[in-house]
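According to TrEMBL, the sn-glycerol 1-phosphate binding site annotation covers Lys11, Tyr158, Leu159, Glu160, Tyr161, Ser162, Gly163, Gly188, Gly208, Asn209. Taken from TrEMBL, the feature Mg(2+) binding site covers Asp13, Ser39.
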Amino acid sequence: MDFQTWRHVFKLDPAKEISDGHLERICESGTDAILIGGSDDVTLDNVLELMARVRRYSVPVALEVSTVESVTPGFDYYFIPTVLNSSDPKWIKGLHHEAIREYGEIMDWTEIVPEGYCILNPDCKAAQLTRADASLTEEDVLGYARMAEHFFKLPVFYLEYSGRFGDLELVKKTASVLSETRLFYGGGIDSAERAKEMAALSDTVVVGNIIYEDLNKALATVKAVAETAGQSL
Ligand SMILES: CC(C)=CCC/C(C)=C/CC/C(C)=C/CC/C(C)=C/CC/C(C)=C/CC/C(C)=C/CC/C(C)=C/COP(=O)(O)OP(=O)(O)O
Ligand SMILES: O=P(O)(O)OC[C@@H](O)CO
Ligand SMILES: [Mg+2]
């Protein structure tokens, strides 16, 4: 159940419809975990509804928090993004401070997984929402990765290309500067082949949008990742 062993994760968006049949196939696919999260229209109601539906299965389920209002008990983990390349401190530590002021006393810190996001697709919703500076050089990205591991001691560094397939060479170089911090890769994985390519370079691959576009292609990524050795395993 430990998130440090996860190699493949499906990200389900609470703002999107998914049938019971499709959800069953996703949850029973052999993926290591379900991450519930999205960048807009995430509400307490749609998070609760999706969590209850996913809880019918034994797969671990985590909430990736994007609004304080949608935080609810019942998840195995709470993944908390901090967008390292945001130009607005609200998305780096502002909302986090507000939430911890409010919930700090009752929080079970063993369930909290801070994620250092580096958003590299300037057109994705998360980049626009957080005013991320996505025009980064390789040195910039490696600097954020090292900062995540050695300065902030974050357990996860997340290279986020949401909606677009990323730069393999950059992912490889990023992996090479991380040892304790896990490298999550997400964005544009829409085939077994792409899943294999990124799984070979990162610790954990996150598959999102293709679930809603072509379920069979999404499911094929699970086996592809299971067959691929990771960079640090
Ligand atoms: C009561 C109880 C159970 C308490 C538990 C304690 C707890 C967990 C408290 C919360 C503590 C805390 C520190 C909360 C943080 C609050 C917060 C709102 C932080 C900001 C997070 C953030 C930076 C959000 C920005 C958006 C973002 C990066 C989202 C990540 C997910 C993502 C990129 C999804 C992709 O979105 P999608 O909609 O799919 O986009 P596409 O259209 O591109 O596909
Ligand atoms: O939706 P896709 O492009 O698969 O990206 C997955 C995830 O990184 C989104 O936060
Ligand atoms: Mg999405």
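Using the three backbone atoms N, Cα and C, a Cβ is placed for every residue, glycine included.
Remember, TrEMBL labels are computer predictions, not curated facts.
Looking at Lys11 (sn-glycerol 1-phosphate binding site) and Ser39 (Mg(2+) binding site), their Cα atoms lie 12 Å from each other. Checked against ligand 1, the binding-site residues Lys11, Asp13, Ser39, Leu159, Gly163 give Asp13, Ser39, Gly163 in sequence order as having a Cβ less than 6 Å away from one of its atoms. Gly208 (sn-glycerol 1-phosphate binding site) has a Cβ environment of 23 other Cβ atoms inside 10 Å.
Listed in sequence order, the binding-site residues among Asp13, Ser39, Leu159, Tyr161 whose CB lies under 6 angstroms from an atom of ligand 2 come out as none at all.
Among Lys11, Tyr158, Leu159, Glu160, Tyr161, Ser162, Gly163, Gly188, Gly208, Asn209, the residues given in the record as binding sn-glycerol 1-phosphate, the maximal Cα to Cα distance rounds to 17 Å.
Sequence-distant neighbours of Tyr161 (sn-glycerol 1-phosphate binding site) (same chain, 6+ residues apart, CB-CB distance under 8 A): Leu120, Asn121, Cys124, Tyr185, Gly186, Gly187, Gly188. Candidate binding-site residues: Lys11, Leu159, Tyr161, Gly208. Those with a Cβ under 6 Å from ligand 3, in sequence order, are Gly208. Neighbour list (Gly163 (sn-glycerol 1-phosphate binding site), Cβ cut-off 8 Å, at least 6 residues apart, same chain): Asn121, Asp123, Cys124, Gly187, Gly188, Asn209. Cβ environment of Asp13 (Mg(2+) binding site): Gly37, Gly38, Gly208, Tyr212 lie under 8 Å away, each six or more residues apart in the same chain. In this structure the C-alpha atoms belonging to Leu159 (sn-glycerol 1-phosphate binding site) and Ser39 (Mg(2+) binding site) are separated by 16 Å.
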